[in-house]
């Protein structure tokens, strides 16, 4: 974990390799994944790079592979994985998969030939398929047109005796069957064809408008959808027949058919039944032959796609690897003929491994010119930030990186987030039952870890798999906080026996009954062993008690976490040797936070640890002859006094009947309570600033003086924080003016100096205001821990009482319905929405309240040249 606290040390190196061995060198470095190259040719466009032709060839191969994927998807075939990425990177550096070792040029050329051959075959089969599908569709449509047209004329035979087909010629027929009189003026022509069912209404409307109603249209649906030859999608179509009587109308109708992509078919004379039957029989035979050929083509395409599905994934990984090599080589510079020079960042502990890998690659090529791997003299560019993570820490590191990348060697917030994030989530979500569901969900993800490692789960599934340990920890801390609150589905668990008892009356308890402790207050027997006593869940002041308890816990956790963030700022200042930041930022911040906010935490714990029963009893007048005298609740020695009223305080003060608490209390701490009255902490904290020196209900001697000193320290730290650092920075950067310079140069130097100092003042003023006001607002922001915990418990109570308790006393059916409602709203609201809500609020507390105390978040992420990472990024 100490290694995770700061990023890995980096070295900036120079790499000089022989051009012939460069590919093998980078192939080995890509397998290691420990170096990030710097572009030494920033002025060159991508098309001016040395290896642009190789990159283009890889792009072309990727295009062909994407074509293979789209074709296999049409047959719903899944690509066969060549194994894990680690196995591929480790064993397939110079092979195509069949075990034969090849050079880089042979490897790329072999892939191009093999993939190109399969692409040509597949495209040829697709072309044949499209042509065959078009012919098959035409025959199907013609068959449907023949059948529907015959039906048209059979139904309307009393109106239309003959029909003529289209194709550019019009044929006439008599309207009335049996009429021997020829009337040329009453002969009609017809157009028959097929149009898409979606275009039917528009097609009919356009015909009516274009011909002004001077035609007669009939439609009939085709029962089976017809496949589109281009897209392969099934399309619903209808047969139409249009009767008209005008050559001008015929011209318009043909244009309309062409505009709607309607297929027109020529038909024989409907009266010639023999010719019609022959045409239908002939077309049916051709239709069967076309279907046989089409199925054969489809089977060949399917077999080819099956073969491609077994190899496409492996080919894709090889092409990605080769493209990454040539893309990295484009960053190298050719200073000397035949040699390439590159620069980049390497993890310090991997420097020797990189040097060895380059030397081995050169020796394998039998190069006369040796390679060179050496450090680049400083100054260096800004080093990138890299953390070595594992399955558990990766999610938390990404959690922080989403907000911003830590600076190089800066304190890493993820180390603390791994513990505090699930804990604060548990504080808000604390419930044994609900947390157990979340914990079991995390355990399920852990159980299926290996199965999900290489599976394609989708964006949400990948996120759940990545955060499986985080989800498990969130569930664990929710259960832990549930035991602390003693809350399970809004019910208290009497696991260890309650330390409170109600006086029972005939087996029941009256609503106004006051609980009594089973043991003396302050003894070990009076304390519930773990968490809160279940009696609080049935008390009338339950909400008041839990509000006070959770509110104080929220403030304590918030101040401790923010103060820890301030300490990390000091740790960064010490590590980077920033003396001004340490003395004039960190120390004033610590003084300010300690004087007001840590003191608040001290008051909370002091009030919790004080025996207020004993203190209040010491300021109470009691009759020495009563049973309450010598009560064990008083810690001091009981002293009898002589009093006119017959009443004494336990410490021996004679009560007069007119005494106030300050006179009766033996502590003499001052104020109206004199130390014997429990204070209101909010009032006490407000009076520190608004009424200095005055403590109405003190808890210890000299509280007013100490609070004045703390207030003075807090106020004194603000001007130090605001002015000290800019002043000393101006002293360090002040340069004396050269007397022999020209007046213009002197004026420019002074103006620039004033401008820089003004910027420093403004920046420091922003830092000061952000910290001082942020400590107040951020402390209030941590009250969301209390608010969300309260909302969760109250919602659980409402769901239990309204859905379950209200139906249990009715009947079994009502209880069954009530349980269904209870389970549904619990799952939807508390197990889904509230988990997300608590997650987002815990996220905000870390990103804003904790990290802004020390985290700069402007680092550069280490992007190593890694085949493993490149392949994984391409598959997501």
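Using the three backbone atoms N, Cα and C, a Cβ is placed for every residue, glycine included.
Per TrEMBL, the features are:
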COILED    101-128  coiled coil
TRANSMEM  423-447  transmembrane segment
TRANSMEM  468-485  transmembrane segment
TRANSMEM  553-575  transmembrane segment
TRANSMEM  582-606  transmembrane segment
TRANSMEM  705-724  transmembrane segment
TRANSMEM  812-836  transmembrane segment
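Only residues 6 or more beyond the boundaries of the transmembrane segment (553-575), in the same chain, are considered here, and those with a CB under 8 A from a CB of the stretch are 6, 409-411, 413, 416, 420, 424, 427, 581-582, 585-587, 589-590, 593-594, 597-598, 600-601, 604, 775, 778-779, 781-786, 845, 849-855. The transmembrane segment (423-447) makes no contact with the transmembrane segment (705-724): fewer than 3 of their CB pairs lie within 8 A, with pairs spaced 6 or more apart in sequence. Mean pLDDT for the coiled coil (101-128) in the predicted structure: 87. Residues 429, 431, 434, 437-438, 489, 788, 791-792, 795-796, 799-800, 803-804, 806 of the same chain, all 6+ positions outside the transmembrane segment (812-836), place their C-beta atoms under 8 angstroms from a C-beta of that stretch.
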